[in-house]
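For reference, the structure discussed in these notes is given below.
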């Protein structure tokens, strides 16, 4: 009887699942979390230093969202750490004592495992909701809050995240007691919904990033038409910020989804990395923008500058040009109050 159970649990109690996968997953997760902590700490320090001179209306909102993302990401790291360590300990004890009863109970109906599974499934959804709210808000500001653009984005985001919540509930019920056949079927359905949720989320985030980038490029094009000597160096860096930072989240989601169904899933848990990429992408956008603002406020401009203001939608553009040197010094974007 013991040998039969041991054969059935051979994959679950393998070296890859007991040692390699937990160590590799924890190492990758804490490396990403350490990088995220560095970004977040730098962002907080910069926002505090610039808080007195910063007059933008939405800074407090973005700061709150960034802090929320870091809190959710920290909770995700804690939950995955407990899950990986606990699972590894249960496997190791079963191999050492040859007593497989605790393993069977852990797999079939362990309350702690069910709670952790629920947390690990719901937190990424909350992270995604927060990031998409931030991206939609920024996109709406740049596009002038057009209903034809805003409403489809909001509706699509809500629908995608509703599927994420449904998937979390179904899979949590499925793992609560795997001895019940209906729970197993429910888990499989939830798993398929999860694929749709991950792909849909990646598509929505990609569209948001491309819309924002395209709008900023179009605004710069209007400035170039009015001021022929305006260069595109700064605006190209802004587009780079959005493409390189914002697009990181959907790309990591798609890559993680592909690797989940490959052999890489056997040695590395990609779920926490996909969740952390949400906070890292959003914080990196805010951080690089803040660093750009700080550089602009401290830069010493020589000569006699020519300053021109342009307004497209509710996004103001300030172009400062050195009339003696005949070249652009800076292009900055400022939100305008539209009454």
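Using N, Cα and C of the backbone, Cβ positions are placed for all residues, glycine too.
Per TrEMBL, the features are:
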type     : residues : note
TRANSMEM : 30-50    : transmembrane segment
TRANSMEM : 62-82    : transmembrane segment
TRANSMEM : 121-137  : transmembrane segment
TRANSMEM : 149-170  : transmembrane segment
TRANSMEM : 195-218  : transmembrane segment
TRANSMEM : 238-258  : transmembrane segment
TRANSMEM : 270-289  : transmembrane segment
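Looking at 30-50, 121-137, 149-170, 195-218, the range that has the most CB pairs within less than 8 A of the transmembrane segment (270-289) turns out to be 30-50. Residues 128, 131-132, 135-136, 138-139, 142-143, 149, 153, 156-157, 159-161, 163-164, 167, 235, 238-239, 242-243, 246-247, 249-251, 253-254, 256-257, 333 of the same chain lie 6+ residues outside the transmembrane segment (195-218) yet bring a C-beta within less than 8 angstroms of a C-beta in it.
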